[in-house]
Structure formats: C-alpha cells, structure tokens
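Student: I have a structure here, written as structure tokens, and I will follow up with some questions on it.
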Amino acid sequence: MYRTMMKSKIHRAVVTEANLNYVGSITIDEAILNQVDILPNEKVQIVNNNNGARLETYVIAGERNSGTICLNGAAARLVQPGDTVIIIAYALLSQEELQSFHPKVAIMDESNRVKQMIEQEPPMTVL
C-alpha cells in the first residue's frame, strides 16, 4: 500500500506578486525550491493564511535568491501581494520508504529567506 505524505513544505512565505495574465502556476525562488526538494513542474498545494483559500497548481522556478513567490493565472484571484501562504508538495510512499522518510520543511522569514529547516513539525507549535 502507498500513502500520500507531505514531502516538502514552505511555511509562511509572503506573496510578492499575483499575475493574472500569466498562463498559470506559481513561480518560486529557485534557491527555496532546492532547499525543500521541489522541482519545476511539480504539483503543489497552496494555502492562503489570510483568506483560507486552498488551490493546486504546478511550480515554475524563479530567479535564484530573489525571494519571489508569485501566483500566476487564475490562482492570482485567490491571493494578494503581502498574503502569507503555505506551499506543500506530496509524495506517494510505500511502507518500506516510510521507515526512513523525513519531509523537508522550510520556515520562512518576512523576506522569503529560509529562517530554519526542520524535518517534522513539533505538535501544537506556533511558528
């Protein structure tokens, strides 16, 4: 049996741009993607902390070290620049893979720089 598990998480990133006229997707700073092991074109879920909206799209790598978090296309209707979001990627893992698996979680600062990397979230934690 395979289980769908959180593989990667970018926690509390700040939206820098919402571009309605782009074809679609989310553009994320390439340096952030590398740290949490998310690839271009990988499917992600985005949770908007400001309004509760949840959506799925795919990733485009943005300029390295730019801090870019840009929602494109229809997704731009669900966010505003300055909103805080959580970006999550999932993986299908076998029981065997689960034994040694650790997700990568990046805790972001207000400038979209990785403040801290953790392998799992402590229970009942406010970050």
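The backbone N, Cα and C atoms fix where each Cβ goes, and this holds for glycine too.
Reproduced below are the annotations present in Swiss-Prot:
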- S25: active site, schiff-base intermediate with substrate (ACT_SITE)
- S25: pyruvic acid (Ser) (MOD_RES)
- T57, G73, A74, A75: substrate binding site (BINDING)
- Y58: active site, proton donor (ACT_SITE)
Student: Three states by DSSP: which one describes A74 (substrate binding site)?
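Tutor: The three-state answer is helix.
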Student: Please list, in sequence order, the residues in the chain of G73 (substrate binding site) that are at least six apart in sequence and whose C-beta is under 8 Å away from its C-beta.
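Tutor: Result: N19, L20, Y22, V23, G24, S25, T57.
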Student: To the nearest whole angstrom, what is the C-alpha distance linking A74 (substrate binding site) and Y58 (active site, proton donor)?
Tutor: 13
Student: When you measure from the Cβ of Y58 (active site, proton donor), which residues in the chain that are at least 6 apart have a Cβ under 8 Å away?
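Tutor: In sequence order, the residues whose Cβ lies under 8 Å from that of Y58 (active site, proton donor) (at least 6 apart) are G24, S25, I26, N41, E42, K43, V44.
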Student: What is the Cβ neighbour count of A75 (substrate binding site) at a 10 Å cut-off, with all protein chains included?
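Tutor: A75 (substrate binding site) is surrounded by 22 other Cβ atoms within 10 Å.
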Student: Residues other than T57, G73, A74, A75 within 8 Å, Cβ to Cβ centroid, of the substrate site?
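Tutor: Near the substrate site, the remaining chain residues are G24, S25, I26, L55, L71, N72, A76, R77, L78.
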Student: Including all protein chains shown, what's the count of other C-beta atoms within 10 A of the C-beta of T57 (substrate binding site)?
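Tutor: I count 18 other Cβ atoms within 10 Å of it.
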Student: Pick the one among the recorded positions S25, A74 whose Cβ has the fewest other Cβ atoms within 10 Å in this structure.
Tutor: A74
